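Copied from Swiss-Prot, the annotated features are:
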type	residues	note
BINDING	GLY11, ALA12, GLY13, LYS14, THR15, THR16, ARG118	ATP binding site
BINDING	THR15	Mg(2+) binding site
BINDING	ASP33, ARG57, GLY79, ARG140	substrate binding site
Amino acid sequence: MKRVFLVGYMGAGKTTVGKELAKLAGLSFIDLDYYIEGRYHKAVSQIFAERGEEAFREIERNMLHEVAEFEDVLISTGGGAPCFFDNMEFMNASGTTVYLKVSVEELAKRLELCKHTRPVLKGRSGEELRAFIAESLEKRNPFYTKASITFDAEKMLTESDVHDISNALMKIL
């Protein structure tokens with residue numbers, strides 16, 4: 001029985017690497033945000049807007065506890081999931097946690113391309129986006145760094161890079 005939790009900031013590649021790594025490891029893949037959306041029949045951004053962050057974080061915690069009961073699974077968490085309640089400690093006690101670490105500069109490049117699909121980033125670009133990421137990451141890093149494994153996911157430009165990162169993680173897990 002194996003459980004792996006991927007943590008890291010939005011844009012770090014948790015879903016992209018997670019799918020590939022799960023395939024290589026013979027594990028089921030669950031993206032926690034998509035799991036929540038499937039259960040609530042609403043986008044995470046809509047749940048956030050309608051119920052507020054506190055209610056969303058409670059839903060997220062409950063769904064995290066639910067999927068952590070599954071066996072032979074790789075779970076990609078939302079960027080904020082490790083930072084609320086005792087979620088990080090819970091994940092560490094339930095399986096192997098892997099922090100996909102990416103620099104502020106690289107995250108800003110990646111997120112600039114998809115800022116229109118991420119409500120918290122709308123209207124931010126350039127230096128404002130970079131400053132927002134830096135501030136958020138500084139608050140979240142104390143949680144992320146509690147992961148069992150920290151992995152540098154800075155260079156993930158091509159499908160081949162994703163495959164290489166997944167293969168490297170397979171050797172660690």
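Each Cβ is built from the backbone N, Cα and C atoms, and glycine gets one as well.
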Count of other CB atoms lying within 10 Å of the CB belonging to ALA12 (ATP binding site): 26
Nearest of the binding-site residues (ARG57, GLY79, ARG140) to ALA12 (ATP binding site), judged by Cα-Cα distance: GLY79
Residues flanking the substrate site, with Cβ no more than 8 Å from the Cβ centroid of ASP33, ARG57, GLY79, ARG140 and excluding those residues themselves: MET10, GLU60, THR77, GLY78, GLY80, ALA81, PRO82, CYS83, PHE84
Per-residue Cβ crowding (10 Å cut-off), top of binding-site residues THR15, THR16: THR16
Cβ neighbour count (within 10 Å, all chains shown) around ASP33 (substrate binding site): 22
Integer Å distance between the CA atoms belonging to ARG57 (substrate binding site) and THR15 (ATP binding site): 19
Remaining residues near the recorded ATP site, that is with C-beta within 8 Å of the centroid of the site residues GLY11, ALA12, GLY13, LYS14, THR15, THR16, ARG118: GLY8, MET10, VAL17, SER76, LEU100, ARG110
Using Cα positions only, nearest of the binding-site residues to LYS14 (ATP binding site) (ASP33, ARG57, GLY79, ARG140): GLY79
C-alpha spacing of GLY11 (ATP binding site) relative to ASP33 (substrate binding site), in angstrom: 14
Densest Cβ neighbourhood among GLY11, GLY79 (binding-site residues), 10 Å radius: GLY11
In the chain carrying ARG118 (ATP binding site), residues 6 or more apart in sequence that have Cβ under 8 angstroms from it: MET10, LEU111
DSSP three-state assignment for GLY13 (ATP binding site): coil
Among LYS14, ARG57, ARG140, which are binding-site residues, the residue with the most C-beta atoms within 10 angstroms of its C-beta: LYS14
